[in-house]
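Visitor: Right, I'll just put the structure down here and ask away after.
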Amino acid sequence: MSGRDNRGAGGGGGGHQPLSNAMGKLKEKLTRVGDELGYHRVESNLSTSNTATSLDTILPEDPFLFPQVSPQRHPQTVRTQRLLEDEPPLSFRPLLEDDDINEPPTQQPHRSPLRASGSLELTPLPPPPTSLEIREHRDRQQRGAQGDELQRSKQSLKGSRVSFERRDTGNSNTNNNKAAESSDEDSFEEKRTGFQQQKATSVDHKGILKDLKHILANDNRRQFQAKKHVSLDVKGTRFLQDLLKESSSEEEFHKTRREFQGRKHQSLDPRVTFKLDKVLQGSSTDSDEEGEDAEHKRLIHRPKDITKPVIIDLKDLESESDEDFLTSRQHFQQQRSISTDSRKSRRLYEMDEMGNKRGENIRHAVPFVRQITEDGKPKLEVYRPTTNPIFIWTQVLAALSVSLGSLVVGFVSAYTSPALVSMTDRNITSFEVTQDAGSWVGGIMPLAGLAGGIAGGPLIEYLGRRNTILATAVPFIVSSLLIACAVNVAMVLCGRFLAGFCVGIASLSLPVYLGETVQPEVRGTLGLLPTAFGNIGILLCFVAGSFMNWSMLAFLGAALPVPFLILMFLIPETPRWFVSRGREERARKALSWLRGKEADVEPELKGLMRSQADADRQATQNTMLELLKRNNLKPLSISLGLMFFQQLSGINAVIFYTVQIFKDAGSTIDGNICTIIVGVVNFLATFIGIVLIDRAGRKILLYVSNIAMILTLFVLGGFFYCKAHGPDVSNLGWLPLTCFVIYILGFSLGFGPIPWLMMGEILPAKIRGSAASVATAFNWSCTFVVTKTFQDLTVAMGAHGAFWLFGAICFVGLFFVIIYVPETQGKTLEDIERKMMGRVRRMSSVANIKPLSFNM
């Protein structure tokens, strides 16, 4: 130990010589190897005066291979204490272009902590990394580089977005010109989509608002809102007057507004905006100032009673006129900008696209606001454009003509109620009318109506709706004159049979004509007229019968068809019948008369032709055999059941023999007055039923109707029973009238209109025509049975027995409604047919048409 220490601490010469020789050999070896490999050697600072020697090498490229060296220092020196000559060299790197060969080391060599004692510290290199560690290290480096690249891409994208927004908004006029000159709409749409995607990713709302305000040449926010919301938001128009004051002229304001609208429509829809941009250029580059002023005044001073819709097709937007641009912009606004519901706006646009392909516009478009009036102030006039303006007067004339025929039908139906009283009076009548003959006078009319209903179907197909109705006017007159001039019962029966035959034809043809001529928008209102006029005819017969005998009343009945006959000559045949006969030009003329000469009837005409073609394809030769199929029997049975319980409730017995019933009841109120009261209630109850039928539901009203009729019929039966066999009921003379009023109200709410309505709802479209004829014929058959047998029932069972029988039938009808009748309120015909039959067919043209019913 002391020897080694003495050597280590010894003086200069002897102890250092072997070390110097070894280091010299090592240096030469490293130099030779480096020259062979093409590496640059950095001069080492070999000091013979120190106990340790340094070799300076440059930091290699990959710091992972030499973790003891920090990668932030370049170039760096690495001190290696190696003394053995057979040790491998430490580190070299290739010579770089920017390396300075003569550059001295920037850091002092690392001295061994044993330097003072003259000893050397041997520090071996760490073991070289495995291939797996090298691969993982390089993967981490690659991911780090990708992350840096992604961050730089985000920064670049943000800068590009801001630059793109400013270019697209600030230089919108240039972009519009380029878009208008280019015919490649796909490129325009791609540009718009990219702009929207970049704009949607932005969270810098203040920057977007600033760019939008930059569009308006640095206008303040109030002006921006005023221009943006003009003709879109009614509230925004209050800024219009202030905006006009700030503009030097109205022309300048309109020019600025049009330019703004054109820019604002940018990137909303390329197919429309692409062409609006062209129109904008044409409208804003008009060099003729006088022509522009005249055109502007013509646009501003528009008529106040604008009712004709603006019909615009995309192909018409190529026009360069200011008027075309203005109307195009309005049409575009009403589809997109008024509604705040984006889904609704898209649906409106899709509807319009479909309509343009078919040559049609939206029937119910969104209302839009006329922008300014003559004095520049906002005028909030809203109108709703449709496919065709409703030219109401011709349709009212058609409905009135048909309704006068309905009035005649009502008068004829109620004739026997007041007429039989005077007809059976030998002091008034020159011939005798027995009780059996009287029952035939009342019952033959429904029997003839059955025959007329069967014959009416083929007649309206071969002669036409109008001609068939017109053909009934003269027989109505003849039948009334035959009754008025009768000298025996046979003439009265002939007149009643002829009148009943005409009633059967009219009850089928009148609603068909009305349904095929009136537009859907007013069909509900005008469709009420025939029923109302029919009840007016009943009331007129009751009132006139109070003052006239049967002969004079028949003369009045002969006069009623005259205005009906005259008006029927003024109206045309239905367009649908002309289409079914292949007379397209006649159908076009009929539509022009009904819809107005200025209306576009081509879309409706094409719809009629398509509907007729579908009906022809679905038509079969054996339509009556279709009724016997299992799927069709259920709806047909329900319809026939409703007709049965409607007539077996005794309504026509009450209507036909009202005066006689009150006379037999011994009421304290005059029988004729009671009859008039019943007629008034019957007339008013029609409107009550129409109001409630779509609110309360069909089945609820049928329940109420059944219960009301059951109670009143049993009370009436009890009254007549007490009058014939029991205590004195003279002080209850008001009871029959009260029961009749409640009975009529109950019938009119439910079993009066609903069987006819549900007949059109539940019958399948394929058999609707033939099934409706069967149901109508069955209804007339039941009417004949009731009216013919009522007086026989009163003789055989007494009045109380007849009313109790009708009440019992109504009680059974209540359970029929509960078990079998479906609820059809608020359901489409397709849904009802799907539920009833499991399939859906195209609904026919008379889906909502029902034969006339005025409580018969």
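Note that Cβ sites are derived from N, Cα and C of the backbone, with glycine treated the same way.
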Visitor: Looking at Asn45, Asn427, which one is marked N-linked glycosylation site in Swiss-Prot?
Guide: Asn427
Visitor: With Swiss-Prot open, pick whichever of Asn549, Asn779 is annotated N-linked glycosylation site.
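Guide: Candidates were Asn549, Asn779; Swiss-Prot attaches N-linked glycosylation site to Asn549.
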Visitor: Would you confirm whether, in Swiss-Prot, Arg426 and Val522 belong to the same side of the membrane?
Guide: no
Visitor: I need the CA-to-CA distance for Asn427 (N-linked glycosylation site) versus Asn549 (N-linked glycosylation site), whole Å please.
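Guide: For Asn427 (N-linked glycosylation site) versus Asn549 (N-linked glycosylation site), the Cα atoms are 11 Å apart.
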Visitor: Mean pLDDT over the topological domain 'Cytoplasmic' (694-699): what is the value?
Guide: 79
Visitor: Other Cβ atoms within 10 Å is the metric here; tell me which of the glycosylation sites Asn427, Asn549 scores highest.
Guide: Asn549
Visitor: Count the Cβ pairs between the transmembrane segment (673-693) and the transmembrane segment (740-760) that lie under 8 angstroms and are 6 or more residues apart in sequence, then report whether there are at least 3.
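Guide: Since 3 or more Cβ pairs under 8 Å link them, the transmembrane segment (673-693) and the transmembrane segment (740-760) do come into contact.
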Visitor: So how many of the residues in the topological domain 'Cytoplasmic' (461-472) end up helix, strand or coil by DSSP?
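Guide: For the topological domain 'Cytoplasmic' (461-472), the helix, strand and coil counts are 10 helix, 0 strand, 2 coil.
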Visitor: For a three-state summary based on DSSP, what are the helix, strand and coil counts in the topological domain 'Cytoplasmic' (761-766)?
Guide: 4 helix, 0 strand, 2 coil
Visitor: With a cut-off of 8 Å between Cβ atoms, can you find at least three pairs linking the transmembrane segment (440-460) to the transmembrane segment (767-787)? Only pairs 6 or more residues apart in sequence count.
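Guide: Contact between the transmembrane segment (767-787) and the transmembrane segment (440-460): present, because at least 3 Cβ pairs are under 8 Å.
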